[in-house]
Structures are given as structure tokens and as C-alpha cells.
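Asks: Copied straight from TrEMBL:
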TRANSMEM  7-27  transmembrane segment
TRANSMEM  39-59  transmembrane segment
TRANSMEM  71-87  transmembrane segment
TRANSMEM  93-115  transmembrane segment
TRANSMEM  127-150  transmembrane segment
TRANSMEM  156-178  transmembrane segment
TRANSMEM  206-224  transmembrane segment
TRANSMEM  244-264  transmembrane segment
TRANSMEM  276-296  transmembrane segment
TRANSMEM  302-328  transmembrane segment
TRANSMEM  365-388  transmembrane segment
Amino acid sequence: MGRAEKQALAAMFGLFGFGVMTLGPRMPDIKYNLGVSNGIFGMLLSSGSIGALVSLLTMGHIVHRIGVKPVLLVSTFTMYGTLAIMVHLHNPFIYLILNLLCGASWSSYHIAINAQAFHRQKDSGQTIIPFMHGFWTAGALGSAVVASLVARTIPITWHVDTLVTIDFFITMYVIYLLRGVLLKGRDITDSDEVVTLKDIAKSFKIDWFISIAVLCSQTLETMLGDWGSIFAREEIGVNASLAVLPYICFMGGMIFGRISFGTLSKRWSEQKLIRIFPLIGGLTFAIFMYTGYLLSKNYQTLGFTIINVAFLVGGVGISFLGPLFLAIAGRRSNRPSGVIVAEIGALNQILNFAVRILLAWTIHLIGLPMMLVIPALMLTAVTFFAAAGKA
């Protein structure tokens, strides 16, 4: 793999993270535009999981038939088109439909670009997947930073429409640059991790131990993406720009944790890492977040500072758990890794949908700050799954 191709492929991941996370920091504005309760808003956000599930179960077959390039072109247009429209909406039902489409297109893009990355990794002999996923995280972090800079001065419509339009055209240009190496349908093999519904149905088997571990390790990230900015803005009372800061801290913690994983894995076993990181990350987040919330009533700056520390440590605690558990799942089975990842992904989308709705309605009973304690405790519980790792 040449340097130019590697840079272009990394740009696809970075642009993907930057574009698809554009709405995350502006969730308070979306909720205000729709004029719905927390429970209804949670249901609307959760609909994206259903779209992603449908795509996960069908897109493997389509990629096998038509190749990576057409899927990237259509999913890029649909994903950024729906994002651009959603910021103008005041009708919850139309938002629901578009969020389903956005979730499906997001998943389609994810499947296609990862198939390309896995194939080029195999051909070149270079380990590029962690590098590519690092660019996605950096793109998502960059999107949050931009939102923080413009949230107070630029309306959400101008902010999101401008960014996704720029992102769309740059992505299309990069696809054009990669046109000679993007996989044709006939070139895709099992090692490219593209799995069809038929592949899953042939040997469908749920590894509940790993599936629950993945759910517990990822729920905090999901809920903070949905509610982190709303929490800071509505519960702490900071302005629109500062409301994005906790999420930036969380993403920064995730990047730091992933960068540090290689060094830590040489010193500590998988079991030790799984015992320590989610325990410290989950408990620190729960205690510091709620303490900061209580202090913010009288000492807003102090309370908000403590909350940012909570988000930072929470990000470190969660950083490498998802990929690590998927690697462990591959070792626990003799089936193709692509099938295992697809099965866990499909089940996780279903469980994630249910948990997001349940926690959103829980806000009505115990409030948003206490609701965020629940996914933090789920992260803490991951320590009990340490036996799955290497000693």
C-alpha cells in the first residue's frame, strides 16, 4: 500500500467521524426544535439503531454484489443529506424516518469502508485498522471542538449544513482518488469481514458472555453521545459552547486510552486491564459526575470542572474495551471473525435500542444526572467479565 493510498483511506475514516458526529454536540438544539419530552427524544434517537441493524443484516450481500464504491457513494449522499435536513425539522415523525435512514446509511458506510481497509491490510501486510479507527476518533473529536467554537454564535442550521456539505464534497473527491483500488464485488473475500445474512444464518450462535460485556462497555459512550451536551446545558446551566466541553474531554480520554493500550498490554494481562480500567472509569465517572452536579448548584465553575474530569476518566476507562472484547470473541470461536463480529453487532444493536429507550424514560423518574449513573455502573460491571481475557 502506497503512502498516498493510505492517507486517502485514513481521510475517509476521519471525514466519516467528523461528519457523522456533527449533530452530537448540538443535541440540545435538536431537542428544542422538536419540542418533545426526554422519553420521546430518547425513542427518536434510538431509531438509528434499528436502521443500523437493517443495514448490518442486508448490506453485506449488497457489497458482495456491487462492490465498495457504489455503496460509499450512495451512503455518503444519504447520510449527509439526512443530517442536513434533520437540523431544520420540527416534526418528530419526519425526524424518526430520517434518523432511520441516517442510521442505515451510517452502517452501510461503516461496512464498506472497513471492508476496503481489511482487504488492503491483508494485501499490504501492514496493520492499518487501529490507525484508521484512530482517524475516525480524531475526526469525531474535531467535530466536537468545532461545535464548541461556534455553538454560541452560529445557528445549528448554518453550522451543520455548512460542515456536512463541505464534508460531502471532500469525501466524494477522496472516493474519486481511490477509484482505482476500491473493491469490486467479485474481489471481496471472507477475510474482508463483509458478512451476508446467509453467512450469519448458517451458524448463528450467540456468545452471551461477550455480548453482555460489549453492551456494558459501550452504553456509557452511547448515552453520553445522546445526552452529554443536554446534561451540561440543562442541568449545569453552562452556555452552548461550554456544554460541548465534557464530550470533548470524553473523546480525548478515549484517544489517550487507545494510544496507551499498546504500551499497557505489554505490561499487564488482558484480565488485569479489564478488571482495572472499567472499574476506575465507571466509579470515577459516577462519583465525580454526580458530585460535580450537586456542587454546580452553588459553585458552578467548580462543579463543571469536576464533571469534565469525570468525563475524561470515563473516556479512558471505556477506550479499548469494545475492540478488545471483539478480539476475545474471535479467539473463543472457530468460526470466521467476520461472522462473529456481525452477530455481536446485530445483537448489540437490538440490546442498545432497548437500553437507550429504557434509560431515556428513566429520566422522568430519577432525573438526567442519576440516569447517567446507570451506564457508569454498567461500565463498572465489566470488571466481572475479566475472566474472558488472557491471564
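The first residue you see is number 1, and the count goes up from there.
Placed from the backbone N, Cα and C atoms, the Cβ positions cover glycine too.
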Asks: For the transmembrane segment (206-224) and the transmembrane segment (71-87), does the number of C-beta pairs under 8 Å, pairs 6 or more apart in sequence, reach 3 or more?
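Replies: Counting Cβ pairs under 8 Å (6 or more apart in sequence), the transmembrane segment (206-224) does not reach the transmembrane segment (71-87), since there are fewer than 3.
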Asks: Does the transmembrane segment (71-87) come near the transmembrane segment (156-178), with 3+ Cβ pairs under 8 Å (pairs 6 or more apart)?
Replies: yes
Asks: Tally Cβ pairs under 8 Å between the transmembrane segment (127-150) and each listed stretch (39-59, 244-264, 302-328), then give the stretch with the top tally.
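Replies: Ranked by Cβ pairs under 8 Å, first place goes to 244-264.
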Asks: With Cβ distances under 8 Å as the criterion, find the stretch in 7-27, 39-59, 93-115, 276-296 that has the most pairs with the transmembrane segment (156-178).
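Replies: When the Cβ pairs under 8 Å are tallied, 7-27 comes out ahead.
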Asks: With a Cβ cut-off under 8 Å, give me the same-chain residues at least six positions beyond the ends of the transmembrane segment (302-328) that come close to it.
Replies: 130, 133, 210, 213-214, 217-218, 220-221, 224, 228, 232, 236, 238, 242, 245-247, 249-258, 261, 270, 273-274, 277-282, 284-289, 291-296, 340-341, 344, 376, 379, 382, 385, 388-389
Asks: For the transmembrane segment (93-115), I need the partner stretch with the highest count of C-beta pairs below 8 angstroms, choosing only from 7-27, 39-59, 244-264, 276-296.
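Replies: Most Cβ pairs under 8 Å with the transmembrane segment (93-115) come from 39-59.
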Asks: In terms of Cβ proximity under 8 Å, which residues at least six beyond the ends of the transmembrane segment (39-59) contact it?
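Replies: Answer is 31, 71, 92, 95-96, 99-108, 111-112, 197, 200, 226, 342, 345-346, 349-350, 352-353, 356-357, 359-361, 363-364.
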